[in-house]
Each structure stands twice: as C-alpha cells, then as structure tokens.
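Here is the structure we will look at, set down as structure tokens.
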Amino acid sequence: MHGLVCGEIDPDSRTAPLPASMWRTASASSPSAADGPPGRDHHHYHHRRPVAFLEPKPPISVRLNAAFFLFGLLNNSLYVVILTAALELLPQGVPTGLVSLANILPALVAKAVWPYVLKGTVRYTKRIWACAGLSFVGMMVISMFPSLVMRLLGISLASFSSGLGELTFLQLSTRYAPKPAAARGRSRRGVPTISQGNYAGDGVGWFASGTGAAGLVGAAAWWIVRPLGVQVGLGILSLLPAFMVGAYLLLLPSVESLLGGGAGGGSGGTSADRGAYAAVPSADADADAAAPEDDDDGDGDDADAAPRVDEHGRLVSSDRRSLEVVPEPVADSATGAHILLAPAADDGKEGARAIKVRLSFAEKMELLRPMLWPYILPLVTVYFSEYTINQGVAPTLIYPLPTRAQHPLLSRIIRKLSDYYPLYQLVYQTFVFISRSSVSILRLPAIPKRFLWLPAILQTALLLVLASESLHAWFRPSIASPLVIVLICIEGLAGGGAYVSVFYSIGLNEERAASVRLPDGDDDDEEDAADPDHPKAAYEAARRAQEHEFRIGCVGFGDSLGILVASLVSMPLQVDLCNRQVASGRSLCKQV
C-alpha cells in the first residue's frame, strides 16, 4: 500500500485519522510530519502544499464482480456455440474454417475500428442494447435460414456484436477507477483529497473469468440443445443476450455508489449512473453541502457553482459565468485536446452548459504508440501461436488408442480416434478458464507488465515443439498422448494468463497515474486548478476517463488479430502436416 504525506490534519475534518503505518514521505528528500521541518527550510516547509495519495484495496463489491462475470460469460458464449455447432451449420463438403473466418473477422473489425471512429463519450446503455439486439438477430438468421450465405451473414452479425461487446465491457470497467484530476484535489481547508479504491481491476478480472467460463458453458449449452435441432436449439440460445442487458440494468452498481458514496457497493442506482464519469469527492464534501449559501453579493465561493457530471458523462456547470459558449471546438492550451462548450441536456436549470471532451485521431495515435510493445504485440503473438496449435497442429496429433494396461484413465475417455481432438479442446478450455480466473477467483497476482512477453515466448515454443512432434513423432509412444495433453494444459494457462494480465495491468494503470503531487507555492490559480470542484479539474477528469477507455479499447484487437492470422495459417498447415505424416508411413490423421 502506498503511503500518505501530509503536514497536519485539521481537527474539524471529517476524515478519520489514519494509522501511523500508512504515513510516509513521498521521497527521501521530503521531510515527514513526524520529524518536523529542518531549520533552514522552515519557511519553505510551511508553504509547501500537502500531498495526499492513498490507494487502499477497495472492499469487494459482489454485485460488480457478478455483473462483469456475466458480461464476459454471456458475451462470449454465442461465439463458442457457433464454433461448436460449425459442422451442423454448414452444408456437407464446406470447410469449417469458413465458419471460423466469419466468426472472427467481424469481431476484429469492431475492435480495431470502433475506438478510432468513436468521438466523445461512450453511451454504454445504448451500446449494450445494440450488442444484445445484434446478437439476437444474428442467431435468429442462423436458425431460420438454411442457406450458406444467410448463415454466414448471421454468424458475421453475432461476431461483430461479440467483438463490440468485449470492447464495451472492457472500456466500462475503466469507469470504476478514480481519475487523477479528482484524486489530487484539495478540500476547502487545504487537506488533500484521499483517493478511494480502484474497482477497474476487479471488473477486468471478473470479466476475463467470465470469458474463460464461456468456453465451457457455450460448448455445454450447445450439447444440451443439440437434440432439438439447429432451428429450435439456436432459437433458445438467442435469448442469452437478454440476460446481459438485465445484468447491466439490474445488477451492476453505479459508479457513484462505489466511488462517490463510499465503496460499499450497495445501491445500484439508475441506468443513467452506470458508466458515467465520476469524480472522487473531497473529505469535506459533506461539510460543503451543508454550509449555508451566502452569495447575495455575487462573490460567493466558487465551489458553490461546482460542475457536475450528467448521465451522458458530460461535465455540467449551473453557473453561466464559469463557462463560455463558443460556436466550435477549441484546443486546450495545456493538453491540446478538443473542448466543445455546448448546451447541456435539459436538466431544468437555466444557463447549464456542458463540456464535451473529444480526443482527435492524432491524440489517439499518441496514446496507441506506448501500448504496442508491452501489450498489443505480446497478445498478438500469444493468440497466433495458441490458435495455430488448436486449429492447425492439434488435429494432426492422433495416436493409437490407449490400452487399459498402460493408460487406465485415458483409455476410458478415448475410445475412438475422433475422441482425441475434443479432449484436447476440453482440456484447453478448462485451463483457459483457470488462468483467466487467476486474478478474480484464485486471487493470484497478475503477470507484471515487464514480464508480459514471457507467455508469448512460451506459447511460441509450444507451437514449435508440437509441430515438430506432429512431423517426426519423437515423443516415446508410451507417453506421447499424455505428454501432449500436459503441453495443451500449459498452452491454456499461458494464453489465459496473458489475456487477464494485459487488461488488468491497463485497468490499474490509471490508479498509479492518480498519485499526483499538488503544485508548490501559493498561486491562487494553481490552487483552484487542483480543486476537484474547479471546471478545469473536472475537465481533466473527463479527459483522463476517455484516455483510459481508449487505451484499454485499442489493445482489444490484439487477440482477434492473432486468431485471424492463425485461422488463415492453420488451414494449409493442417493439410501439410497430415500429408507429411502419410508420407512417413503414419496415416491415423486420415482415418479421423
């Protein structure tokens, strides 16, 4: 836990005293409150702004965790259902790789293009309704129209919805992280605001766990409804997106209930509150609200006209003097971001104005560059190797049926040659679920940012080893099939661990950036700019929120890009490996 630096605590402050173990200096050169100021720096010490940054581990919000788990589970289940039902969806003789292509390419387009096309604030309620509607329509098209073209169209609609949904829920998790501009504010009495917990990591962790569970639940769901036929079975499963909307509207707690009204995770709030920008309140927020208004002379405290955030994530001020309406966007001199001052939504207050933050394409490119090496490229490498193994190499790893004498357990599971590949996939999906749940359910630490290339290196090594085994059969026959299963377990752990660690790291990135020191000196303008009730600070909070959303969104296409390239490589690779096995006298791959 990070420490806290402060000069002294106002006895009238409503902030509870902190244990002595939680206080420390920001650096070795900064004197602590306990030691007192050095003699020659006495004047400087008393005029130095107190610094407060506290990053406690937040209380667990069961509703937040359950909601994000359901988001991941329901959003990805239909993707798995379509892959599992591929043979039943296509006419005889059509390669199943066509389903894989239609099931991943639209998702890649959604993840790669949408963050750059979007301008301004994400409207989460509308987007989640749109994703659910697209999934429902896509599944109904697949179930009702038997022609190849219409079924590929339905698969593409469901795929686009799944990709946009994953992007949406990952971005939504960032709204549960306090933003730096709010976290660094001060109260009226000069005591810095203390940041509350960051729930973004919990949201990402439980969403990743849900996506891991989707591999098992989606396959099981199809096998349950399969006896009913494609039309009835997929018609039933097309109702799953409705539960996703229900989880968003009824289960997910509002940002304000976690970051604004204490981190208890209690009340749900209205749907308008969900995903709205939220500033962490100062320690004296309640005292300010209770203070009598005394602005008859027009010189009242600026905090009485503090901006607020509406349900669309726009910053609203009820004081017409605080914002100037301009006919077109202007560039902020400090950040270069585009600020549009326009009429706010009608809230019954005369003179209300909203600040809209819009990141330009050039600004998004600046945010993208530092994400490429530590996050995007490892994710592309992991998923390329992973899905090349699953789709190109694993189907050729066929061995003679195990005997009860050598493999008493495996012989009960594998009774015919066609049982190998489904077993590989079951083992893989199980260990993906375990690794994607490592942060949320198992409470294990995520892979540190500097080590995120390790899963990519491990996955590439596994691809080379298994491809070599497919070509040369150099594993001992007595242990070949069990050893392949163990390696596939490691493959699932590496892939799932990379996914959850990448997004968990980005989700918590803003928490570290929130530990901002207040400026030195007594400049009143600097004081006002640091105040969370000041329009500039509120604007900075909204800008930080959009930057955080974009950062986690721009990384999302990495896994889909790796899967797409792997799908294109795997089809000819599988054929070539099998032909080489036949040429060397091993024909089991042709007998499946």
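Here the Cβ of each residue, glycine as well, is placed from N, Cα and C on the backbone.
Whatever TrEMBL says is automated annotation, not expert-curated.
Look at TrEMBL and you will find 285-304 tagged as compositional bias 'Acidic residues'. Residues or ranges marked as compositional bias 'Basic and acidic residues' in TrEMBL: 305-323. The region 'Disordered' feature in TrEMBL is assigned to 283-329. Marked as transmembrane segment by TrEMBL: 66-86, 98-117, 129-149, 199-224, 230-251, 451-467, 479-504.
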Is it the case that the transmembrane segment (129-149) and the transmembrane segment (230-251) touch, counting contact as three or more CB pairs under 8 Å in which the residues of each pair are 6 or more positions apart?
yes
What same-chain residues lie close to the transmembrane segment (451-467): Cβ under 8 Å, and 6 or more beyond its ends?
374-375, 377-379, 381-382, 385-386, 388-389, 393-394, 397, 484, 487, 490-491, 494-495, 497-498, 501-502, 505, 573, 577
Within the same chain, where does the transmembrane segment (479-504) have neighbours whose Cβ lies under 8 angstroms from its own Cβ atoms, ignoring anything closer than 6 residues to its ends? I mean 6 or more beyond.
170, 201, 204-205, 207-209, 211-212, 375, 378-379, 382-383, 386, 389, 394, 397, 399, 402, 407, 410, 414, 420, 423-424, 427-436, 438-439, 446-447, 452, 455-456, 458-459, 462, 465-466, 469, 473, 552, 555, 558-559
